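Sequence annotations record features per position, and here TrEMBL assigns signal peptide to 1-18. Annotation source TrEMBL lists domain 'Plant heme peroxidase family profile' at 34-335. The feature disulfide bond is assigned by TrEMBL to Cys46-Cys122, Cys79-Cys84, Cys128-Cys331, Cys205-Cys237. Summarising the annotation, TrEMBL assigns site 'Transition state stabilizer' to Arg73. Positions annotated as Ca(2+) 1 binding site by TrEMBL: Asp78, Val81, Gly83, Asp85, Ser87, Glu96. Feature annotation from TrEMBL assigns substrate binding site to Pro168. Positions annotated as heme b binding site by TrEMBL: His198. As annotated by TrEMBL, Ca(2+) 2 binding site applies to Asp255.
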Amino acid sequence: MVMIHIFLTVMVVGGVSLFPETAEAIVMGPSMQKLTWHYYKVYNTCENAENFVRHQVEIFYKNDKSIAPKLLRLLYSDCFVSGCDASVLLEGPNSEKMAPQNRGLGGFVLIDKIKIVLEQRCPGVVSCADILNLATRDAVHLAGAPSYPVFTGRRDGLTSDKQTVDLPSPSISWDQAMSYFKSRGLNVLDMATLLGSHSMGRTHCSYVVDRLYNYNKTGKPSPTMNKYFLSEMAKQCPPRTRKGQTDPLVYLNPDSGSDNSFTSSFYSRILSNKSVLEVDQQLLYNDDTKQISKEFSEGFEDFRKSFALSMSKMGAINVLTKTEGEIRKDCRHIN
């Protein structure tokens, strides 16, 4: 069993997570060591950059709480493909955002707005990659997550190719999911924690219907899925039998629904066989992730602390720094 309290060395003070020196040494791999906490203040290039980002996120969040899960998905889609280089933001007929796995991505308008503000205040200084990481942290904090430290100093990538997008299907097995996360330098606790991002947001029925009607190509629903929940989901997601059929959206966590609140109820649903996505339900079928799900369902603070660590690690995947890449003037186009 994974004793997750050993890993949860983040301290939360006044709602803000802080890395003590020992924890920083534990979690800061080679990529994270390339980044700096409060980079723009330390190097006196844009002292209030993080405040500018936070202010814009707060304005946007008041009108659209769904921005939190949208940014989480956008950050995941960026970092897990070519690294946290804002390549997912680039426009083009063959760019990453055009890949089938990235259908329905959102949050671009807010990133554009933040970039405009920062270019007015500190032209040519703050990268789109840092903006995406900071804005995501601030949005999910407003939704109930911890305000974890985002190490900054990233630079923006110069290319974006939809052929490089290898984001897996949400119907993959536990072993496939674990292999994918390991390939990005993340461990079993990171996987169980980051899938907890599905505590809010929505997904298309097309990602769920195999569980409802043709689990593992058996022509039957998933045998472990809670029968009442299966019935409720079937009402929202009818079988896909014809071309051009509409593809409704359903909440990833019906308990939080339109509130888009960051909550540990996601893990309670896993333990009750009420997960919407198969990849989430798979957490129940491994001893380590089952134990983690139990601890998170019973202890919201454990989940929040682990989330702070795992998000910091994800945000450091294959980052560009120093003379690598560039600082884009427009997040949708290279300079």
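Positions of Cβ are set from backbone N, Cα and C atoms, glycine also.
Whatever TrEMBL says is automated annotation, not expert-curated.
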Can you list the residues of the same chain, besides Asp78, Val81, Gly83, Asp85, Ser87, Glu96, whose Cβ falls within 8 Å of the Ca(2+) 1 site's Cβ centroid? Ser77, Cys79, Ser82, Cys84, Ala86, Val88, Gly157, Ser160
In this structure, which of the recorded positions Cys46, Val81, Cys128, Cys331 has the fewest other Cβ atoms within 10 Å of its Cβ? Cys46
Between Asp78 (Ca(2+) 1 binding site) and Cys237 (disulfide bond), how many Å separate their Cα atoms? 29
Filter the recorded positions Cys79, Asp85, Ser87, Cys237, Asp255 down to those whose C-alpha lies within 10 angstroms of the C-alpha of Cys128 (disulfide bond); answer none if the list is empty. Asp85, Ser87
If I take the alpha carbons of Glu96 (Ca(2+) 1 binding site) and Cys79 (disulfide bond), what is the distance between them in whole Å? 12
For the C-alpha pair, I'd like the distance in angstrom between Cys84 (disulfide bond) and Arg73 (site 'Transition state stabilizer'), rounded off. 13
Looking only at C-alpha atoms, tell me how far Cys122 (disulfide bond) is from Ser87 (Ca(2+) 1 binding site), rounded to the nearest Å. 22
Please tell me which one of the recorded positions listed here (Arg73, Cys79, His198, Cys237) sits closest to Ser87 (Ca(2+) 1 binding site), measuring Cα to Cα? Cys79
Rounded to a whole number of Å, the separation of the Cα atoms of Cys237 (disulfide bond) and Asp85 (Ca(2+) 1 binding site) comes to 36
Cα of the residue listed as 'heme b binding site' to Cα of Arg73 (site 'Transition state stabilizer'): how many Å, rounded? 9
Please report the distance from the Cα of Cys79 (disulfide bond) to the Cα of the residue listed as 'Ca(2+) 2 binding site', rounded to the nearest angstrom. 28
Can you check which residues sit near Arg73 (site 'Transition state stabilizer'), meaning Cβ under 8 Å from its Cβ, same chain, 6 or more apart in sequence, and list them in order? Leu105, Gly106, Gly107, Ser197, Gly201
Cα separation, Cys205 (disulfide bond) to Pro168 (substrate binding site) (Å, whole number): 16
With Cys331 (disulfide bond) as the reference Cα, tell me which of the binding-site residues Val81, Gly83, Asp85, Asp255 is the closest one. Asp85
